[in-house]
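Since the structure comes first, as structure tokens, the remarks are kept for the end.
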Amino acid sequence: MRRELLSIMLLLCIIVFVVSAEEKPPRKAPPLPDVAVHSLGPQKLAPLPPVPVPPDNPQTPMKILLGKQLYFDTRLSADNNESCASCHDPAMGWSDKGPTSVGIKSQVGPRRAPPVSNSAYMPLQFWDGRADTLEEQAKGPIINPKEMGNTHEKMLETLNSIPGYVEEFETVFGKIPIDLDQVAKAIAAYERTIVTTDSPFDRYAKGDKTALTPLEAQGLEIFNGKGHCTACHWGPNFTDGRFHNLGAKNKEPMEDDLGRYAVTKNDKDKRAFKTPTVRDVASRPPYLHNGSEQTLWDLVEFYNRGGGDDDSNMDPLMVPLGLTKGEMEALVAFMKVAVTSNNPEVANEKPIPPDEFPK
Amino acid sequence: MKKVLLSLLLVSIIFLLFADRGNAIPAFARKHSFNCNMCHTAYPKLNDFGQRFRDNGYQIPGQVGGEKSIFATSPPIAIRALPGYDIYKTECCKMNSFHIFGVDILAAGVFHENLSFLFIYTPRIDEPAADYTGPQDGLNPRQLASVESANVVFSNVIDNKLNFRVGRFEPSYLPFSAKRSYYLFSPYEIYDFATPMNTFIVGDNQLGIEAAGHFKSGFKYAVGFMNGNNGNPDNNNNKDIYFRLLKTFGRGDGQSAGQRIGIFGIYGMQPTSFYGSIVSPFGETDGFINKQFYRIGLDASINWSTLNFQFLYMIGKDDKALNTLRPTEDYEYSGGFAQIDWAVMKNNRLVLSLLYNWVFPPDYDEQGKLKTYSVLGRYYLGNWEAVNVALHLEYTYKGRTICRFREDIIGMVIDFAF
């Protein structure tokens with residue numbers, strides 16, 4: 001009798017569970033890169049949803065074009081030599097040849113340029129997450145002495161002296177003189193169009209089971225299983241947007257980079273860096289924040305060893321994976337081909353020819 | 001019969017409800033959209049990642065605070081069932097039958113940051129004697145109805161140096177999980193060995209409370225208090241105590257990478273008399289003249305490539321007052337096992353394993369003396385998100401020295417969990 005009661009109660013519990021947890025209505029695309037969504041923990045690998053757009057910076061075709069011009073315009077830098085594209089070059093997977101980025105007067109920066117593609121989905125910007133939005137982020141490189149080496153005042157002076165830009169800004173924002181927020185908003189609007197879609201993986205996830213070769217499909221299985229990759233590289237953009245220490249330390253003479261710690265001053269964040277997207281990763285070697293792994297194969301070997309140098313602060317998710325050579329090949333095949341996008345507007349984006357900039 | 005029907009109904013209802021959901025269960029894998037291999041070397045054996053996940057209160061380590069609670073996921077319920085066929089042979093006879101070798105209904109999840117639970121219910125399976133209507137209802141059930149686990153985990157009380165588990169759980173003194181072993185027909189015999197008058201079984205889930213934690217240096221510890229009466233209310237007023245200490249070497253926790261060695265010990269009391277003792281409304285008794293017993297052991301787990309070598313040696317001693325066979329002597333026994341697991345195919349699709357068990361009781365208890373040799377292969381049909389179906393083939397030779405009695409068991413099972 002007791003047992004029957006127990007069974008009935010269990011059954012009731014299960015029914016209540018099942019009914020109360022009826023398939024939740026699909027989450028609407030959040031209006032902002034929603035840190036709350038990321039704080040919910042791992043989500044399925046999937047095609048990217050529509051890009052989140054902040055309400056105070058709606059996308060318009062004119063604004064996007066203006067942003068594109070600014071993005072490729074070297075006149076934003078102090079020596080008229082650097083543009084955003086110098087380090088975030090569409091031909092190099094929206095990154096640069098590395099290992100770390102080289103800015104004004106050939107100064108070598110301490111970190112690698114992350115791809116601008118899909119950065120619109122990142123809940124926080126930079127390797128250490130010190131900027132919340134693309135708008136805030138875009139103001140940074142212009143005045144970074146090792147990047148474009150300018151001042152905001154001088155950059156605005158330059159832009160305000162170019163009648164073509166003044167006219168465009170007036171049409172887009174209805175207000176002149178050009179100010180810093182406008183510049184940032186325009187660049188951010190352009191960046192929100194740099195979204196990589198239509199990779200074999202996306203087609204596979206939408207149901208075309210022929211989109212991946214058997215080897216790539218094995219790679220996906222390992223990515224989401226034995227390789228533990230989706231423990232951090234999850235969701236449509238293959239990233240948790242959080243910070244982890246993989247033990248990829250800088251070697252002498254480069255100084256130690258404390259990563260996220262610089263922002264939070266929390267010891268647990270020492271040498272932790274933001275998880276980058278894995279989308280289109282084949283087009284932008286070398287890898288990691290300091291460009292220390294040359295190829296995808298090297299990187300997979302790095303993970304298979306359980307990460308880089310022993311570090312008391314190593315992420316607890318880093319364990320040797322026991323991947324065999326064949327499994328590593330499958331994983332590399334997956335990352336080489338399966339997550340490489342084919343949408344032409346992003347894959348074939350060309351810099352603006354010099355004579356087409358506003359004069 | 002009614003119970004069987006009820007269980008069947010239950011299973012099929014759950015099955016139907018989940019069948020069209022596309023993304024089905026094991027509660028955790030489904031919650032995270034992971035494949036089973038994220039946490040299992042091959043289901044059900046945990047890898048290092050899975051072990052860390054478990055130790056962290058079923059939260060992804062390093063991601064604490066970012067876990068969906070059970071209220072934000074679909075029902076965190078999973079089922080494992082083991083339909084199959086066996087051939088059983090002794091020196092005199094040979095038998096064979098189809099069976100349901102086991103069914104588990106599991107629920108698990110995170111209530112709130114650092115507060116999680118695990119619940120496992122095993123329904124009674126009355127086959128093969130389901131229609132038996134003698135004095136003992138359901139003679140010789142395959143599986144008893146039991147709340148195998150119902151525990152709450154308070155994790156990261158002081159980082160991961162202090163975590164608590166309360167309820168009925170698999171105690172951490174077991175270096176190798178009995179519940180997550182690949183073997184379905186050959187248990188770790190030393191875990192299940194029963195001494196003459198002691199109700200404590202090493203391999204059973206216990207009721208109690210445990211504190212556990214780990215340190216950056218590779219040390220892990222666990223200490224606990226328990227009834228020491230398996231899943232039952234205690235039979236005396238003494239709580240049994242235990243500890244476990246292990247050290248890992250290299251990267252990994254020794255589960256699927258790196259190496260580890262450890263020791264464990266259990267010290268407890270068993271009553272020798274119930275004369276005049278009182279049974280509470282909750283089932284416990286205050287048995288008298290409690291006598292001590294202990295179990296201690298050491299273990300090692302060594303990994304090389306996709307090979308995992310596991311070794312355990314244990315000795316046990318019960319006070320002579322508990323030794324009904326020879327009341328002038330303490331009852332002493334020893335035993336252990338050695339196992340090699342090999343993940344053969346890509347993504348651990350095929351697992352092969354060898355297991356040797358031995359139990360050496362004292363001479364006067366010769367029929368308990370046992371050696372078993374087992375071999376198994378498990379082939380996983382797919383490694384789909386949160387679903388696992390494995391074809392399981394196992395052979396065990398059990399030799400008892402007494403009368404040179406031997407048993408041969410061949411088991412074929414479809415082990416599915418979703």
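For all residues, glycine too, the Cβ spot is worked out from N, Cα and C.
According to TrEMBL:
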- A:62-170: domain 'Cytochrome c' (DOMAIN)
- A:CYS84, A:CYS87, A:HIS88: heme c 1 binding site (BINDING)
- A:214-339: domain 'Cytochrome c' (DOMAIN)
- A:CYS229, A:CYS232, A:HIS233: heme c 2 binding site (BINDING)
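Secondary structure counts, DSSP: the domain 'Cytochrome c' (A:62-170) has 54 helix, 6 strand, 49 coil.
In the domain 'Cytochrome c' (A:214-339), the DSSP tally of helix, strand and coil residues is 46 helix, 8 strand, 72 coil.
Across the structure, A:CYS84 (heme c 1 binding site) and A:CYS232 (heme c 2 binding site) are spaced 28 Å apart at their Cα atoms. In this model, the domain 'Cytochrome c' (A:62-170) carries an average pLDDT of 88.
A:HIS233 (heme c 2 binding site): 24 other CB atoms within 10 A of its CB, across all protein chains. Between the CA atoms of A:HIS88 (heme c 1 binding site) and A:HIS233 (heme c 2 binding site) there is a gap of 22 Å. Annotation for A:CYS229 (heme c 2 binding site): spatial neighbours A:ILE222, A:PHE223, A:VAL278, A:TYR303, A:LEU331, criterion Cβ-Cβ under 8 Å with sequence separation of six or more. Cβ neighbour count for A:CYS232 (heme c 2 binding site): 24 (other Cβ atoms within 10 Å of its Cβ, all protein chains included).
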